[in-house]
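Pulled from TrEMBL:
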BINDING   S127, E198, H226  Mg(2+) binding site
BINDING   R357, D371  ATP binding site
Amino acid sequence: GEEMQNHKKQSLFKTSRFQTISVCRPNLSSSNIHLNSYFLFTQDAICTLNTLQTNASALQQVRQERNHPQQQLQAMQGFLERAGLTVEELNRLNIIHVTGTKGKGSTCAFTEKILRSYGFRTGFYSSPHLVQVRERIRINGQPIGKDIFSKYFWQIYGRLEESKVDASGGTMPAYFRFLTILAFHVFLQEKVDVAVIEVGIGGAYDCTNIIRKPWVCGVASLGIDHTQILGDTIEKIAWQKGGIFKPGVPAFTVSQPEGAMAVLRDRAKEIQCPLWLCPNLDDYQTDGTALHLGLAGKHQRWNASLALQLSNSWLKRRCSPGKSSRMGQGLLFQPATSFRPSSEMMMGLANTEWPGRNQTLRNGEVTYFLDGAHTVRSMQACVDWFKGRPVCLCCSGPVARVLLFNATGDRDSAAMLKLLVPCHFDFAVFCPNITEAIVSCNADQQNFNVSVENMLTRCMDNQRSWHLHNRGVDQGGAGLLIEERLVPDNQADTLVFPCILSALQWISQGRDAVLADANKQVLAVKPNIRAKAAVLREAAQIHVLVTGSLHLVGGVLKHLSPTYSN
């Protein structure tokens, strides 16, 4: 309305895709802005947030920072103070800090749900988001609302922007740093009883490690990932993960590879942090009743045990102040004691939901198995889960199996694809993490860090790896199945699509009513590729495994689930 127009500022931002985005934001100095007015600026807030993504021109600066990692935490503290917060204020959040290579998100989800089952008001910060950036910052298990997101976003953004003049260098924090500061601000303003904080990458120099006095720390399963940042051995990675340990603060870990465990023990001794090894989930006292987990997969049992220890340690300090200090005395590394989980703990484990991880979604005759596995170890767990899925007794005919895959960053996609070969897919389909080839206004999933050309090249490399694993012969160049001129069209047909929607529409062959929606534009498919889909049209059921990237899983959920499409 006209009143709102009087409170807008117009800012222009240049993106790495050579597009100019016009962003409107409210003048926060005005006292006439009502809370519900911020709802109108949610999309503008997300577009502005996207300008903080590290574009190609800034990557060199990021690489230089890695040579001086301690400066990253110093810079983070400077940004925090410019945003009007102090590290001392973070102590009021009663933080549970969790790192790991595989399972840290699930561990946080279990822990948050357990403490919420006790009636505590919880904050939960995680990454990445599947569909909407607001998923990263949760209050009582739910992503913060659009109005709350807009209100606090512009508060923090305004403070940082206005302080650029006084700050040396006059910079704004990068995307993840900004969201971390925003999460802390939200949790403080919303007065949560506990904040469960998932580390972004590593631990020692991750921007979440600005936390000085967490109540308890956790290290989930370790493996090889983010080697360019953390190192190329399990020992180097373990050193980084152990960097979240704090003097006298109890920490828990699960069974780790021998080299990784030795490093964690040394880090705990160096920092004077009492480190405890979680027992197997079967060791907890339940009168013979097996603990039921809301998350599928055998690997979740270790995550659940870690969550039980983290929540139990937090509850002891909450209910018995001073008791946690006595835990730091004596041995620095020892087995954690199993105990009888309370009814709240058992209910929390059973009711935990964590979308995109071992998730099954059935839309009519098409069933989707969604798992954002993106390391070799997590992919093996994904394969075990997919192969061990229960047989559908209601299916009276053949089942077609389709792999929808993408991998990003420095992940070893060839090794992950090799693990998927024994699943015996009828089709392997590859696409970039682009929701739709047709430009839409879904700013939450815009990524300015990687060009479209690089995304498509990666997909075609993955397609060649699949052929090598399955046939031992490189089938040559990979062209797109869609009649669009995004790449040269003079190469052989392969199962590579330009976007997630086009891949899903081909896979489902009109048998998923959600994807057959008239509002979803269908791109033309070449006749010879349409003929190849006869197997999909004739099968009684279509089972689709979506894996390799959480961003891919998020793009799929946006199209399949009303919860995410709105």
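Placed from the backbone N, Cα and C atoms, the Cβ positions cover glycine too.
Automatic prediction, not curation, is the source of TrEMBL annotations.
Summary of the Mg(2+) site environment: with the site residues S127, E198, H226 set aside, the chain residues having Cβ atoms within 8 Å of the Cβ mean position are K104, G105, S126, P128, V199, G200, I201, D206. Under a cutoff of 8 A between CB atoms, and with a sequence separation of 6+ in the same chain, the neighbours of D371 (ATP binding site) are G356, R357, N358, Q359, C382, W385, F386, L545, V546, T547, V553.
The number of other Cβ atoms within 10 Å of the Cβ belonging to E198 (Mg(2+) binding site), over all protein chains shown, comes to 25. Residue environment of S127 (Mg(2+) binding site) contains 19 other Cβ atoms, counted within 10 Å of its Cβ in all protein chains. Summary for the binding-site residues H226, R357: the Cβ-based neighbour count within 10 Å is maximal at R357.
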